[in-house]
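Just below is one structure, and these are the notes that go with it.
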């Protein structure tokens, strides 16, 4: 079972720049029959030096070029991968240029010269620099290139691209000549100095030049070779625009070309034979071959098609959301999230707010794509405390599958309502005066302030305090109930009229308050107070006799109520005596009424003759009710209830039916 190396392995020859580099194999083991898959990863060693395309590079740079200008340099190539590949560049010391090392999308490095100090042709006509490329091996391998820079006089305006980066996408297997992108640059100079020629930058890889062609006059980038998504998914192409001046100005841009996958690879079926030939006496179920299917395409192009067999699964079945009242309209309050293990459209989810008995369309809305629930209006806790709704999550399959999620929105209370006084009424023109007799002892309740708060919980707790009083020592108010008591015994020298101002405060944050004014008269009888009130009220008031009529009405209603209750009591006693006599007389008859439990057993057992079955209905207080007996019938013990009569017939079986659990005893 040992796996041996058969010949010398060269990772660069087998895999090129692909990393990791691996070789796959399969092993069949018999008795028992098993199939194993194995992979050998070829690890890289630093056995290659970086290599520049040429040993020398020549640049022409105008002395008018401003500091900060960048000049791409030819890149070195290193067939090693990972840390052993090309890692950085170094530039020999000089007063004018610095080196900026950039990283491409695929991780490869390239270098650019950056002008830090402007050139002066009269001072120095040329510069010679050395560029060194280093890999990451230990010890590192390197390569060198000589850079000769000619400082010349020419153009003072370089071309400028309208954008630094272009993006395009093209399908793989696109025919040659297809337009990918069009780059554009402008030059403010006139004549040849303003004519622009487009070309690939010097550090553009040779593979890119083989796949794409650039029109030097129009800047059109077209497909030249065969694109393959499975080989490269993204190309980073560096282009330049150069004018035709004696010292041409140069501008650079980058084009990112994304290759879109096409279903151009058929699934590959690999058959591994186990028995060949198959014996004629092989038992049913014997494995004769092993099959594996692969597809080089990506995403849906590389899978067995999906069936919409999974309903959306929300992250939770129900949500409870708490929102402060008086909220700002339009705020998001919840994000309903769900997943669907299906693929493609079968996994595309949409969210819908289902309308219940109450239309919530003017209160709530939900984003169909991401499930964000919005509150469209300001809520009021005193108007409605809770909203319940259903959110339907539906996929895009055919037919679609859906799941409902319960959402409850609770409106939490804010202290936005001050206490409201019910008694005495604050907006009434009538003067409320309470009366207390002289000499009343301490602790006597005189009156009560009645108030409510529309808020809830702690915000609705009301406390009462005495704010002002004619005599602060005479009356006190209950902190939590608003009851006004005498704080001491009333004396003869106390003032006959007292005015109290009660402050009512809730316990919210911030505290809201209101006040109530109470008038109290000290008098021997109500007549004195009424006389005082008559003196105070205007002569033209048509309601000056209202109090008298109210008192008279209360007396008449009380008398009528007393007479009615007395009559009902007498009638009840009379009925009770009648029921007692009827009960005593029934015990003396020759027919004895069985108990209710015996009758139930007899009915269930089917032993009671149908013609001897009667029902007697009683009220809850059966001792004070008449007996209502039913005539005999022959159909069933549970037959019609028609023909109810007032008296029972002798010799018949009776059932006492009522809401009580037992019959009254003779003593009762």
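Using N, Cα and C of the backbone, Cβ positions are placed for all residues, glycine too.
Mean per-residue pLDDT, taken over the domain 'Cadherin' (1-52), amounts to 86. For 1-52 (among others), the entry in TrEMBL reads domain 'Cadherin'.
The domain 'Cadherin' annotation in TrEMBL covers 53-161 (among others).
Per TrEMBL, the feature domain 'Cadherin' maps to 162-269 (among others).
Residues or ranges marked as domain 'Cadherin' by TrEMBL: 315-421 (among others).
If you look up TrEMBL, you'll see 428-540 (among others) marked as domain 'Cadherin'.
According to TrEMBL, the feature transmembrane segment maps to 548-571.
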- Secondary structure of the domain 'Cadherin' (53-161) by DSSP, residue by residue, totals 3 helix, 54 strand, 52 coil
- Item | Counts by DSSP class (helix H/G/I, strand E/B, coil) across the domain 'Cadherin' (428-540) | 15 helix, 46 strand, 52 coil
- Counts of helix, strand and coil residues, the domain 'Cadherin' (1-52), according to DSSP: 5 helix, 19 strand, 28 coil
